[in-house]
Amino acid sequence: MKCRFCGKKAYIKLHHPKMYLCREHFMEYFERKVKRTIEKYRLLGKGERILVAVSGGKDSAVVSYVLKKLGYDIECLHINLGIGEYSAKSEEYTKKQSEMINSKLHIVRIKELLGAGIGELKTSRPTCSYCGITKRYIFNKFAHDNSFDVIVTGHNLDDEASFIFSNIMNWNTQYLAKQGPLLPGEGKFVKKVKPLYEVTEREVVAYALAVGIDYMLEECPYSRGATTLSYKEILNQMEEKRPGTKMNFVKGYLRKRYLFEQEVEKRELKECEVCGMPSSGEICSFCRVWRLKKPVELEVKEVKR
Ligand code: SF4
Ligand code: ZN
Ligand code: ZN
């Protein structure tokens, strides 16, 4: 099959909109789509200091690469979770990826910071639950303490669709009230944005291959049997029968999100007694899980505004 624009040999067949594209025209298409997402949802403002959360996987590597290509000045943050070989490898990939795009990489190692890795802490919470709390907290506090204006994550359309799907299946209205390509900052919460919001996982993989990004394929050992994977499979089957299903589902959700917002009462946040970050209780869940007596130090000394 031939590229719709130049007649060269096709690199990919897109299903929605249906067309064949060569490698160059696919890259152009992908980058334009990300640029349009940034403009449409006003994700990144002029002069904002941007921190990209990187894991070593394809999504965060691709979002950093495209932002650089679109002319944004970015810095990256990787959290080494202290999960044996898996974390060591992830860190190596983030180093290679940052070198490739010549961006500054910060690394926070959980074991060095908190004395134990994910999976080693004695707590009644499931591993993924306190891992999620830890990652969210560190990304936010690092961004806040080092004067970043925005945190970029690599979530793609498939991630979003499956997240919304699973939260509808469980009627988690709290979560459904605050999803989307942009979560505005508030107080000590730094703004979070998802420039890959409208590109599919398949497109992200194809783009990574097209530009030669080497990324981590191994899954975290704790992710086995994650239910989001089965939601992704169901959505993929539906997408195959009716291309555009995921996009319509996510766009429909954005139109109806206000219904969930109405449902959720706004809770007043206090300041955590240990670290001073926003918290619904006396002590925030991060300081509680890690039984901290003083705040973690995340300020990078040489970073100045
Ligand atoms: Fe953390 Fe691994 Fe669970 Fe993901 S799968 S939340 S990285 S422990
Ligand atoms: Zn072409
Ligand atoms: Zn705290």
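Glycine residues also receive a Cβ, built from the backbone N, Cα and C atoms like all the rest.
The ATP site in TrEMBL is built from ALA53, VAL54, SER55, ASP59, GLY154, ASP159 plus one of ILE38, ILE79, ILE133, namely ILE79. Summarising the environment of CYS287 (Zn(2+) 2 binding site), the number of other Cβ atoms within 10 Å of its Cβ, over all protein chains shown, is 22.
Non-local neighbours of the domain '2-thiouridine synthetase TtuA-like N-terminal LIM' (2-26) in the same chain are 203, 206-207, 210, 239, 243-244, 247; each lies 6+ residues outside the stretch with a CB under 8 Å from one of its CB atoms.
Cβ neighbour counts within 10 Å, taken over all protein chains shown, single out VAL54 as the most crowded of the binding-site residues CYS22, VAL54, ILE79, CYS275, CYS284.
Under DSSP, SER55 (ATP binding site) is assigned to coil, being neither helix nor strand in the three-state scheme. Taking Cβ-Cβ distances under 8 Å and a sequence separation of 6 or more, the neighbours of HIS25 (Zn(2+) 1 binding site) in its chain are CYS3, ARG4, PHE5, CYS6.
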